[in-house]
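J.: Once you've had a glance at the structure underneath, I'll fire off some questions.
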Amino acid sequence: MENFHHRPFKGGFGVGRVPTSLYYSLSDFSLSAISIFPTHYDQPYLNEAPSWYKYSLESGLVCLYLYLIYRWITRSFTVKQTVGSEFSGLRKAHGILLWLLSILFLGMTAFMFVNDAFPTAFSDPPVKICLLAYSVHLFLLHSLRMIYPRARPTLYHAAVLLNLLLLPPIFHFYSYPFFFVDHPPLSSYSPFLWFYFFITIVGNFIPLFTPRVWYPLFPEDNYQPSAEQVCSMFNFACSYGYLNPLVLTAKRRVVEVDDTPVIPDYDKNKAWTYRFERMKTPSLFITIHKIFWRQILGMGVSSFMVSVCQFLSPIALNRLLKHLESPSSSSVNPLVWIVLLLTGPFLTSLFTQFYLFMSTRYLARSYTTLVQQIYNKVIRSRFVQNKSGDSKVGRSNNLISTDVDDIGEIREFIHIIVRAPVEIAGSIYLLQKLLGWSAYVGLALTVLTCSVPIVLGPLVAKLTLRANRATDSRIELMSELLQSIRITKFFGWELPMLDRVKQRRQVELNRTWKLLLMEICIQVLVESLPVFSMFATFVVFTTIMGQTITPSIAFTSISLFSFIRTQFSWIAYLMRQIVQIFVSIGRVSDFLNDPDEVDPVNTIEDTSQEIGFFNASLTWVSNPSPGDFCLRDLNIVFPRNKLSIVIGPTGSGKSSLISALLGELSLNKGSYNLPRSKGVSYVSQVPWLRNATIRDNILFDYPYIEERYKKVIQACGLLTDLQSFVASDLTEIGEKGVTLSGGQKQRIALARAVYSPTSIVLMDDVFSALDIHTSNWIYKHCFQSSLMENRTVILVTHNVHLFMDSAAFIVTVKNGSAFPVTDKSSPLLFLAEQAASASEAAAPDLAAIPIPNEVDDAEAADEKDGKLVEEEQRVTGDVVFSEIFSYMKHFGSGFYVAAVLLFFVTTQATSILIDLWVAFWTNSSVNSPDVNNNKFLFVYGTMLLAYSLLDFLRTVSYDRGAWWASRKLHDSMLESVFGTFASWFDKTPTGRIVNRFAKDIRSIDMNLSGWLFFSINCFLSVAGGILSVSSAMPIFMIPAVIVCLAGYYFGLLYTRAQVGVKRLISIYTSPIFSLLGESIVGVSVIRAFNRQTIFKQMFSERLDNLVRLQSTSYNLNRWVAVRTDGISGLVGAIAGLIALLQKDLSPGVVGFSLNQAVIFSSSVLLFVRSCNSLQAEMNSYERVLEYSKLPQEPAPTIAGQVPATWPKEGDIVFNHVSVSYSAAGPTILKDVNLHINPSEKVAVVGRTGSGKSTLGLTLLRFTHRISGEIYINGRETQSVNLNALRQRISFIPQDPILFSGTVRSNLDPFDELEDNFLNEALKTSGASSMIMAHTDDQKPIHITLDTHVASEGSNFSQGQKQVLALARAIVRRSKIIILDECTASVDDAMDQKIQKTLREAFGDATMLCIAHRLKTIVDYDKVMVLDKGVLVEYGPPAVLYHNNGHFRRMCDGSGITFLPPETRGSKSA
């Protein structure tokens, strides 16, 4: 027989002779290495092989020795300790089995050595000795592992390595000859050798199924291993079998968090945060690559292998079609190509899954690292009064919800670097082998294609940046409006605010559509040009070169051109992604590198250090402008362990002084000092409370000491309040303490500062929201108690009289300057005291009241339901097609949706017809050499042009419909949220709502429509593949149905698990945003208490919970992929086998069928994956729909309209009114009867919880009316449209809210009034006389209409905000005014001025004032006294005083007296 080594290899990919020395050469990419395969077992090549085997075995032994020496030097035998798991028994059993196999292998090798029974390839003595040495080493390693426990892992790894080195030569020896038609019979191998081969294979596969040993990364955490860490390598890297329990659980019931595998310790947040801090560089891009280089390297290697394996299928297709065209000329067994059609997709899938596994691991790790760094930056940053930081709440939310996800997509950068060049270059090389120089024609057009996204890249970057800015703007506005939703509802501003959000949403959508159109044009162009490149190549090949196009050439070329088209499509997509990635990296990097941070605190103990300022000047911003407020030339030293008070007029800088001492201001010159070694506690002017229980807010993560806790509760006057709560101190208070009154919030914040074991306590006007009784109680039982002994207390207050005797040091602040008052007889103090509230209050001795059981015993309170915030609802069950059609209905009319679907069908049908036409053309070329190629080329080109046009129309019509759907869904949810009851916001954290408008809307905008598009395409590809192949090979329907059923089964299991996990991800994302927003608002308090580490840990734990679910979600994708890939990979092989056995099929039909079979097999997995991703993204659609169907406040009706002049006068009547906050809630106001005459000034007084605020809310219809009627100007309020009612009543809350913008936009947010009127309102309220800052020459800068307002008015003092709220009420010119202690935070001089303004500006208006300071309402027309929801007294204050009732006792406690009225009597209720 002819020597096969010098036999020409004839085919599409190899030309010439191949030397025998070339063995598996990667340089011959076209598998010409097959030419070295011998046709018989006894070919000379096998006799030349022993040296190759010998060197391999000897090299393996050397590597093994080096490995063992390295492990010994690194003390692996003595330091490492393994941790047991539930698989320990299985691990031991596998170890014993491997030991037995090593004995058997040694015995068989020794037997062959003695009896000279080695095969020819192993008969050389050196090789025999090496193999025997290997057997001895294997036996020794397994034996040592049985008796030497500390070294077991190292020895085990060495044995596995040794086993693995044996497999290639032995496997090659047995499989080598069967690659050829004339292979030797199986009987030529003895059973002994087959058994030898078998135990070699088993010895290598057992380690794959052996559970692994776990080494804890953080032994101190007492952390249990994740299933991912102890399962076998096969379950970990191949089958993902450790997720089987989760998948089976999801089949039976709804998935819970505890059903998912715990997060591995190497993926915990603290591990990656530590690495980031250690490897941090100024460039975030470089830092990311330094930290995650292993994942990036793994992605690069696996991506390269995917590219290489991709070519196995087209090579096999070419050779199989070549065999069918000329069976006699083929020497290679055609079953080899069938096997290659199976192994090609299998290997591609294996490396693809490994690539995806590494990339999703990078995704999860980069997410947890960057999000934690953003939060850490938030904790360090200055937010208050920073103009550049107005939007930091929304900006931080957007960085986490958008930019961090975009940075995670940097993994796709590997695609352009590795995979695209390899596949494009490989395809061009193989096309050149197939089509000669005509392939370079296509290459030229391909280069042109490549330039399109590069040229348009800057434009895409610009459009992307503009769209992102629009998204930021919308999210920032939404965050601000949701933070102040109650003031919006108080004023009836829902509809105008809706319009503002919708305008920003429209800008965002317009910019997004421009970007989308650009992407569509690039995508269609990039996908179409490779197709026309293929057309041009065929034209040159057939007409100019005069070659005949055969099925093996045509369909292989189509596959290769599809590779090029796919890669350039990816390039077009990734060019936009890369632009977005670098934009996001820049945004996150700018945020993290922002130098505006507070100074690190000094915790060094130094008792000699003084507390105060030393020639210090400070501002809120790092680079102040002339108009910015400044504390100037401060020289103040506060005495240690004494009480100091800070006084001054409203807006003078008192709160800034305290913030400066805490390090919240930027130091421009001088120095300041606040020792932190023994801790600092701080009570802000606006109390900051966490969304937690009362007890958690007071403890603030300090240990619970029962005795001290009881004393603090008693000292802060909280006993009565706790008795009124259902679960006492275990009652949840909601976001920002929304369920509490202003006084209750202030006292809880005070209790937190008093309970903490700190030596320094800073308090900012803690008495502003307290009534006289409570103020005096706290002064007596808190400030003068043992709780405050040996503590340095610095208190900002207007109650000078209360602390005059006990204060050791007094500081006066005026216009940013401060100086001490050394003489208590100073005229300044005299004036302050005269202006202060009248006198101390004699309160009942609450000390005699025992602390109730709820405070004594936490267990008793646990039995009661103190929960306020409802858990986020989860939609359960599978997402059905009705929901998908429900989403598509938002595209437009039914006709429009039908037209879009028709474009999908016709585009897919055209694609199939193109391949069918190629089959018809190539068959004609084979049967008739003189075929008219021009006719076929013309039809072929026309079809390609039609396909490109249909593709464009399909994409544009679909994306436009999705754009409309996004707009409608956003607006529907927006209107629903703004139209729901105010009580819903008490139960729903703002972060949860923001998450719906940020992450879920983004999902609908970007992901949902894309996955639906992809799912429809995949479905049509599957259906088209089945119909196409079955039409030529009907028997193919059987395996196709089996594959579809198997795909459906695995897809069903997978989808139920994945959708459940995705829904959990959505739920566990909201707490991250909630804690972020909560921390930004209270960051100064967190820093003052030095609780940054605790809050970082809380955030880290929430991140770990989220990453646990995200990793499970990613790995579930791998779970289904390996199963569906394994099944669908059989399809191509089965189709090839059918074609081989079915002799009557022409090569063209076979090529068409195999091409469609490959498309079908790949589309099955893609369809399962896309359906899952679609269902997961539909979760966002469900969540948006959920918030679009919230219970709504009554909608406006024609009957509810009122004249523009209504009410002409403020006549108010309550007729037997009883209300509650919900239909099932307790009655708050009980049978209230009263009549308020027009223009009367009525004060509402009573103890905390008596129902004062509820009365005002009832007038605005914020409560549930149980019975009775309320009339305003003779009209029942229930019959008036809600927005009209609230717009005609002005409400001035205790905690005023300002919106970002200017003073003008806050007074007149809808530009309806002239500046003259607005300036008059500023002047009347006194706001225009307030000083914001000073210029460099000390000239004051007053508040004007153009004064900048930061988010929530953070650049104004609390008193200034209350005055601006008064100005806003003046602008509204309402006939009814409700004031809820609106002067609590102003000094008494300003209070008196405001009271005068109220009487003058609202002389003809009816005023309802909820008051704590009795002196401010002594000249009111009437007073109503509420007690536990009952109106107990109502009448003129002098009359009530002399009735000796509730009001008299309150006046006596305040030192207020009234002269006897000339006429007694009152209009009783």
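Including glycine, each Cβ sits where the backbone N, Cα and C put it.
From Swiss-Prot, for reference:
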BINDING   GLY648, PRO649, THR650, GLY651, SER652, GLY653, LYS654, SER655  ATP 1 binding site
BINDING   GLY1246, ARG1247, THR1248, GLY1249, SER1250, GLY1251, LYS1252, SER1253  ATP 2 binding site
DOMAIN    897-1176  domain 'ABC transmembrane type-1 2'
DOMAIN    1214-1453  domain 'ABC transporter 2'
CARBOHYD  ASN386  N-linked glycosylation site
CARBOHYD  ASN510  N-linked glycosylation site
CARBOHYD  ASN615  N-linked glycosylation site
CARBOHYD  ASN691  N-linked glycosylation site
CARBOHYD  ASN790  N-linked glycosylation site
CARBOHYD  ASN815  N-linked glycosylation site
CARBOHYD  ASN923  N-linked glycosylation site
CARBOHYD  ASN1007  N-linked glycosylation site
CARBOHYD  ASN1355  N-linked glycosylation site
TRANSMEM  21-40  transmembrane segment
TRANSMEM  121-141  transmembrane segment
TRANSMEM  160-180  transmembrane segment
TRANSMEM  296-316  transmembrane segment
TRANSMEM  412-432  transmembrane segment
TRANSMEM  441-461  transmembrane segment
TRANSMEM  524-544  transmembrane segment
TRANSMEM  894-914  transmembrane segment
TRANSMEM  936-956  transmembrane segment
TRANSMEM  1033-1053  transmembrane segment
TRANSMEM  1065-1085  transmembrane segment
TRANSMEM  1120-1140  transmembrane segment
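Walk me through where these features lie, including what they touch and how far apart they are.
T.: GLY648 (ATP 1 binding site) falls within neither a helix nor a strand when secondary structure is assigned with DSSP, and so counts as coil.
DSSP assigns ARG1247 (ATP 2 binding site) to coil in the three-state reduction, outside any helix or strand.
On the 0 to 100 pLDDT scale, the model's mean across the domain 'ABC transporter 2' (1214-1453) is 83.
A helical conformation is recorded for ASN510 (N-linked glycosylation site) in the three-state DSSP classification.
Look at ASN615 (N-linked glycosylation site): DSSP puts it in a strand.
Look at ASN691 (N-linked glycosylation site): DSSP puts it in coil.
When Cβ atoms from all protein chains are considered, those within 10 Å of ASN790 (N-linked glycosylation site) total 9, not counting its own. Classification of ASN790 (N-linked glycosylation site) by DSSP places it in coil, neither helical nor stranded.
Other C-beta atoms found within 10 angstroms of the C-beta of ASN815 (N-linked glycosylation site) number 19, with every protein chain shown included.
On its own chain, ASN923 (N-linked glycosylation site) has PRO551, SER1146, PRO1147, GLY1148, VAL1149 as residues at least 6 apart in sequence with a Cβ closer than 8 Å to its own Cβ. DSSP classifies ASN923 (N-linked glycosylation site) as helix under the three-state reduction.
Counted within 10 Å of its Cβ, the other Cβ atoms near ASN1007 (N-linked glycosylation site) come to 15, all protein chains included.
The Cβ neighbour count for ASN1355 (N-linked glycosylation site), using a 10 Å radius over every protein chain in view, is 25.
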J.: In the same chain, who gets a Cβ under 8 Å from the transmembrane segment (894-914) while lying at least 6 residues past its ends?
T.: 888, 940, 943-944, 946-947, 950-951, 953-954, 957-958, 961, 1016-1017, 1020-1021, 1024, 1028, 1156
J.: Which Cβ among the binding-site residues (LYS654, ARG1247) has the fewest C-beta neighbours inside 10 Å?
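T.: Output over binding-site residues LYS654, ARG1247: least Cβ neighbours within 10 Å is ARG1247.
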J.: Under an 8 Å Cβ to Cβ limit, what residues of the same chain, 6 or more beyond the ends of the transmembrane segment (1065-1085), are close to it?
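T.: 257, 371, 375, 378-379, 381, 383-384, 392-393, 396-397, 400-401, 479, 483, 659, 662, 664, 682, 684, 688, 690-691, 735-736, 871-872, 874, 989-992, 994-995, 998-1000, 1095, 1098-1099, 1102-1103, 1105-1106, 1109-1110, 1113, 1179-1180, 1183.
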J.: Using only C-alpha positions, which one of ASN615, ASN790, GLY1251 is spatially nearest THR650 (ATP 1 binding site)? These are the recorded positions in the record.
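T.: Ranked by Cα distance from THR650 (ATP 1 binding site), first place goes to ASN615.
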J.: Of the recorded positions ASN615, GLY651, ASN815, which one has its Cα closest to the Cα of ARG1247 (ATP 2 binding site)?
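T.: That would be GLY651, the closest of ASN615, GLY651, ASN815 to ARG1247 (ATP 2 binding site).
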J.: Would you confirm whether the transmembrane segment (1033-1053) and the transmembrane segment (1120-1140) meet the contact rule of 3 or more C-beta pairs below 8 angstroms, pairs 6 or more apart in sequence?
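T.: Yes, these stretches are in contact.
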J.: Looking at the binding-site residues GLY651, GLY1246, which one has the fewest other Cβ atoms within 10 Å of its own Cβ?
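T.: Checked GLY651, GLY1246; of these binding-site residues, fewest Cβ neighbours within 10 Å: GLY1246.
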J.: Name the secondary structure element type, per DSSP in three states, that contains ASN815 (N-linked glycosylation site).
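T.: Assignment for ASN815 (N-linked glycosylation site) reads coil.
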J.: Please identify the stretch among 412-432, 524-544, 936-956, 1120-1140 with the greatest number of Cβ pairs below 8 Å relative to the transmembrane segment (441-461).
T.: 524-544
J.: Hey, of the binding-site residues listed (GLY648, PRO649, GLY653, GLY1251), which one tops the CB count within 10 A?
T.: GLY653
J.: For ASN510, THR650, listed as recorded positions, tell me which one has the smallest number of other Cβ atoms within 10 Å.
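T.: Checked ASN510, THR650; of these recorded positions, fewest Cβ neighbours within 10 Å: ASN510.
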J.: For ASN1355 (N-linked glycosylation site), which of the three DSSP-derived states applies: helix, strand, or coil?
T.: coil
J.: List the Cα distance (Å, whole number) between SER1253 (ATP 2 binding site) and ASN691 (N-linked glycosylation site).
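T.: Rounded to the nearest whole number, the Cα-Cα distance is 22 Å.
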J.: Which ones, of the recorded positions ASN790, LYS1252, ASN1355, have a Cα no more than 10 Å from the Cα of GLY653 (ATP 1 binding site)?
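T.: Of everything listed, nothing lies within 10 Å of GLY653 (ATP 1 binding site) (Cα to Cα).
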